[in-house]
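What TrEMBL says about this one:
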- ARG45, GLU46, ASP50, ARG181, GLN182, GLY183, HIS184, THR185: D-ribulose 5-phosphate binding site (BINDING)
- GLU46: Mg(2+) 1 binding site (BINDING)
- GLU46, HIS184: Mg(2+) 2 binding site (BINDING)
- HIS167: site 'Essential for catalytic activity' (SITE)
- GLU205: site 'Essential for catalytic activity' (SITE)
Amino acid sequence: MTTDSKNARNSEIKIQGDEKINNVEKAIDALKSGKMVLLYDSDDREGETDMVVASEFITPEYIREMRKNAGGLICTCLHSDFCDKLGIPFMVDILDVASEKYPVLKELYPNDIPYDEKSTFALYANHRKTFTGITDNDRALTVKKITELCSEERFNDFGKEFRCPGHVAFLRATDGLVKNRQGHTEMTVALAEMAGLIPITTICEMMGDNGKAMSKDLVKKYAEENDLVRINGQELIEYYLNKFSKE
């Protein structure tokens, strides 16, 4: 390879790297301004794109958009520090303890997830001021109130303000975020953290009309039609580890 070819190749690599950085920074800016972001994990994982909103900006309209245009499970992802202070464990830990009285729960342990070694599901909850808990207004209220409670550090009020079971799935981000697990839970909480927001996000998988996850081409079309930033997990993880992570 000639010197000119090497220089051209290096320039191409630099441009590609800059594009990845710019894309993540666009996502950070969008999230910070209260806009939705679309995040694809990877071909080697779920192979799914999630709609992502910083939970401090949640509205019934966002819940409705997720319900109608994404169609997956609407979940709220919480930083592990918040979960520790709230006393929220992983669902598998609840099953573990409860299985002493109900042995069948041990048989339900999720030890065969095809795309990961562990699940981040924690609790399903409703705020006590909701009615059924499932309407767009009710789910937005539940998300808004758990975010406010954590932001205001009123952790001891968790049981007073919320009831279980409910209609919003709370996911507990793994300690260390993407350094230790690279799922949508950790990636979106890391994105909120990089944006300087409360590290709580609300997400929903985008489903297609063919019984599978929405294809990347259709996600791209949706992003373009709705002026949304679309990023993938690899570029987010690289940015977080290289530019933001303290370790």
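Glycine is treated like the rest: Cβ placed from N, Cα and C.
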(Q) Can you give me the Cα-Cα distance between HIS167 (site 'Essential for catalytic activity') and THR185 (D-ribulose 5-phosphate binding site) in Å, rounded to a whole number? (A) 18
Q) Which binding-site residues from the set ARG45, ARG181, GLN182, GLY183, THR185 come within 10 angstroms of GLU205 (site 'Essential for catalytic activity'), judged by C-alpha positions? A) none
(Q) Using CB atoms and a 10 A radius, I'd like the single residue among the recorded positions ARG45, HIS167, ARG181, HIS184 with the highest neighbour count. (A) HIS184
Q. Excluding ARG45, GLU46, ASP50, ARG181, GLN182, GLY183, HIS184, THR185 themselves, which residues in that chain have a Cβ inside 8 Å of the centre of the Cβ atoms defining the D-ribulose 5-phosphate site?
A. ASP41, ASP116, GLU186, MET187, GLY233
Q) Out of GLN182, THR185, which has the highest number of nearby Cβ atoms, where nearby means within 10 Å of its Cβ, if these are the binding-site residues? A) THR185
Q) How would DSSP class HIS167 (site 'Essential for catalytic activity') in three states? A) strand
Q: Return one of helix, strand or coil for ARG181 (D-ribulose 5-phosphate binding site), based on DSSP.
A: coil
Q. Does DSSP give GLU205 (site 'Essential for catalytic activity') helix, strand or coil?
A. strand
Q.
With Cβ-Cβ distance below 8 Å and at least 6 positions apart along the chain, what are the contacts of ASP50 (D-ribulose 5-phosphate binding site)? List them in sequence order.
A. LEU38, LEU39, ASP41, ALA70, GLY72, HIS184, THR188, ILE203, CYS204, GLU205, MET206
Q. For GLY183 (D-ribulose 5-phosphate binding site), what residues in its own chain, 6 or more apart in sequence, show a Cβ-Cβ distance under 8 Å?
A. ASP41, ARG45, GLU46, ASP116, THR120, THR174
